[in-house]
Each structure stands twice: as C-alpha cells, then as structure tokens.
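Q: As annotated by TrEMBL, region 'Disordered' applies to 1-27. Marked as transmembrane segment by TrEMBL: 43-67, 110-128, 148-170, 182-202, 222-245, 276-293, 313-331, 352-369, 381-407, 419-439, 481-499.
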C-alpha cells in the first residue's frame, strides 16, 4: 500500500514538472502564468526608465544618418563613431560595483539610479551648449569630440541599464518577471524613436516644409541644441520625482539575500562565468549576430548612397520603432514562457534569408528612383521598401526579446544586476563588434575609381572631392556591401546548424544549473 502511494506521488510530481515546463525542480522554477494585477504601476515605471535609456541609443543612430546625408564622412569614420555604443558592451567591468556599493536607506538600485540619471541630464545639457560647434551645418563634424561626448552619455545610459535590469527582477512580482523583457523592449524602442525622429526629421527644413508647414522656412521646427536642452531638464525632473515617490523594497528581505563587498562581487562574476552552461551560452551570444551584421549596420547607409533622402529613411525608421513598441506586447506570452529560445531558433533562418530582398532592392534602387539623373522616387518603391523593413524589424526585435526573456528566467535573483548585465553585455559586445567590423570592412572590400583619373581610387572624402572638382564621378567597380552580405549569411547558417541543438538544450536545464552555490 505504501509502495503504491509512493508511485502515485512520483507520477504526480512528474506531471507537475511537465506543467512547469523546462525547469526540472518546481521549487526553483518561475510560475508559468503571469498576472500584472498589482504590478501595473511598476510595469509602466520600468517602461519610463527604459525610455530614458533608449534616448542616447536613438542619438547614436541619428547622427550617422546625418553624417551620411552631408556626405562628409567615410565608412571608416562611421566605424569610428560607432565606438559610442561600446560602453554597452563592456559594462560588465563596473556592474559588480553597482551591485555591491549602495546607500541602504536610499535603496540598492535607487542609490545609483538617481545619481546616474542626474549626471546624464547634466551631461546632455553640456552637450547642448556645444553641439553647434561640434556639428556645424556645412562643415566636417568634429568626430573626436562627438565620439567622446556621446561615449560618456552612453556610459551613463549603460550604467542605468545595469541598475534597471537588476531592479526589474525584484520590482516585479516573481510570476511577472518575464515581463521585464516587455518593459525593456517597449521602453527602449520608445526612447530610440524619440532620439531619432527629433534630431533628424524635426530639424530638417525640407521635411517640415513638406509635411508640417503651410509656409516654407529655411530651418526645422526645432534644433538639436533645443532638443538636448529639453531632455536634459526632463530627465532631471523624472529622476527627482522617482526619488521622492518610488520606494524600493529592502533588499535585505529578499529571498536568499547575500551581502557582498566589491571584491567578492568581482569574484562572484568570475564564478558565474565559470558555470559550464554560462560559458557555452557566452560563446553562442558572442557569435550569433555575425550573420546579420552587414544587413543591420550598412543597409540604410547604402540606401542613402543610392539616392534615398535621409528624411525618407528616417520616416521609415520611425515607423519601424512604432512596430517595435507594439511587438513586445504581442509576443509577451512567448517571452515569459519557458522556451523562448526555441522560438528564437525557428526565426533565425528566416531572418538570414531576409538579407536577400535588401540586397536586391539596394542593387536596383538607382534604376528605380532616377530618371535622366533626377531622383523621383515612385510610390511603389516606398511600399516595397517599407514592407522589407517591417519584416526585418519584426524578426530582429522579436528575436532580441526572446533572448531577454531567457536571461530573465535563468538569472540568479540574488545577484540579478551582475548576472543580467554579464549576459546582456556579452550579447551586446557580439553585436557591436560585428557591426563595427561590418562598417570598417565596407571600404576594404569596395573598389572605385574616378571616371577621368584612374589613379584616383575615391577612397577618402578628399579624393572624392578632388574627382568632383575635376568634373569626374566616382565609379564603383566592386561594391563591398554585396560581398559582405553573402559572407555574413554563410557564417550565419554555419552558426545555426552548429548551435541549434545546443541552444535548445540550454533552456531545458533546471534553475540549479544556473545558480551559484555559495556554501
């Protein structure tokens, strides 16, 4: 009788494990079903904080488009400016400090959030004061100062990311933690949208005269300086209100709370990295974006080179970020599920193959939009371009959200800031490195010559200007973009077939396989 009861108990336990999904130990698993009742205010606060984080990312996207439209920088110089995004890729270096040093009565996360966002507001104000000098209307921009300035702002935004990622794991209820990726995706997308639409479109006299005015003017509705001034003050105001009205839970009351110092925090980071599953995941995260790098980082710039205006590119980019704000809400049930990476791997081949429509469209763009040397973009061209962009962005952003959802589920909540930051940093470093190399290699793989001077290879802005002054045109012999897309696609498929089983197996591991044993 006792034996039959044991058997029945084991069967019930197995059924419970199946209900919980991939995690083997129910006591260590997150509940599958989420319910935001009582968590809505936290949900929207996280979206607001992530929006502030997305603003510098939007500026980092907007400025290269402005540079390219002025035709005063090379792809090598564009690669140099892409360094402003690197703080997101090395933030793990100071994440343990954020996790271990704080003022207890203010709060573990609020201590850093308030100081970092005040600094971000102050530095944006400083940048606004000097932006007209560093980014003149008709002269070569001061790239060194712009890279330094926006690099510091990105450093502050990356630090804020560490804080908010860690706070999200405890601010939301345990069964709602999967929605942290929804807050991240929606908020960052909104911030990027604001950081791109205003500096590019609303500062453009052509765009404002065409769509927003009845009487033409030589200037846009706003200036970049005014935009930066506004957001510097807004961020300071939001930070003040958050500091006064939002209380943080006492971290000492958290389940399994462990107090560690800075040295122990770095040792902890090393212990996390030494976990066998984490090392396997790290290698995958570093290499999984190579297949998309050429399409993601170069395509819009090539469209501008082909004759599409920066205003048109920006309008399309804006529509994509509206899509990005909606997508997290649609796929939230998948990002908060137990198998987000299975969905990621299903989408990967589709996204790799979607590079082909981009290549074909860019190749035929000059033929489709120019008549007797005059640019006249037909409506059907915009419809094709928007369709290609929407599918691409939905695929890319959905896959990004799946990785965030996976990170949220496997992180040891006791050290959430350090753990989440390490995983997101590794993923970000793989993305940034791939994109920087993709931009840098375009000039290396491309070969041109001046139509009336074979010794002029048009490899720099000065050589291109010299060719123009002599009534010549720079003719492309080999376009490195097409070569690069093919190479990246091949690498992407090799990665897919090499890691397909590995990635799916990682999400079947129990929570104990991702947690640290400090005994």
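Note that Cβ sites are derived from N, Cα and C of the backbone, with glycine treated the same way.
Just so you know, TrEMBL annotations never went through curation; they're auto-generated.
Quantities reported herein were computed from a predicted structural model and do not represent experimental measurements.
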Q: Are there residues at least six beyond either end of the transmembrane segment (182-202) with Cβ under 8 Å to its Cβ atoms? List them, or say none.
A: 43, 46-63, 65-66, 165, 168, 208, 220-222, 224, 227, 310-311, 314-315, 317-318, 321-322, 324-325, 327-329, 332, 335-336, 397, 400-401, 404
Q: Counting a contact as 3 or more Cβ pairs under 8 Å, with residues at least 6 apart in sequence, do the transmembrane segment (110-128) and the transmembrane segment (352-369) touch?
A: no
Q: With pairs restricted to those 6 or more apart in sequence, evaluate whether the transmembrane segment (148-170) and the transmembrane segment (419-439) have 3+ C-beta pairs under 8 Å.
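A: Judged by the Cβ rule, the two regions touch, with the required three close pairs present.
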Q: Can you work out whether the transmembrane segment (481-499) touches the transmembrane segment (352-369), with the criterion being 3+ CB pairs under 8 Å where the paired residues are 6 or more apart along the chain?
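A: In contact, yes.
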Q: Do any residues of this chain, six or more beyond the ends of the transmembrane segment (419-439), have a C-beta under 8 angstroms from a C-beta of it, and if so which?
A: 75, 78-79, 82-83, 85-86, 88-92, 95, 98, 161-162, 165-166, 169, 269, 272-273, 278, 281-282, 285-290, 292-294, 296-298, 403-404, 407-408, 411-412, 484, 488
Q: Any residues 6+ beyond the ends of the transmembrane segment (381-407) with a Cβ under 8 Å from its own?
A: 178, 180-182, 184-185, 189, 285, 292, 295-296, 303, 308, 312, 316, 319-320, 323-324, 327-328, 331, 334-337, 340-341, 343-344, 347-348, 350-351, 354, 357-358, 361, 365, 368-369, 420, 423-424, 427, 507
Q: Determine which residues of the chain contact the transmembrane segment (276-293) at the Cβ level, with the cut-off under 8 Å and only residues 6 or more beyond its ends counted.
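A: Apart from its flanks, the transmembrane segment (276-293) reaches 348, 351-352, 355, 396, 403, 422-423, 426-427, 429-431, 433-435, 437-438, 488-489, 491-493, 495-496, 499, 502-503, 506, 509, 513-514.
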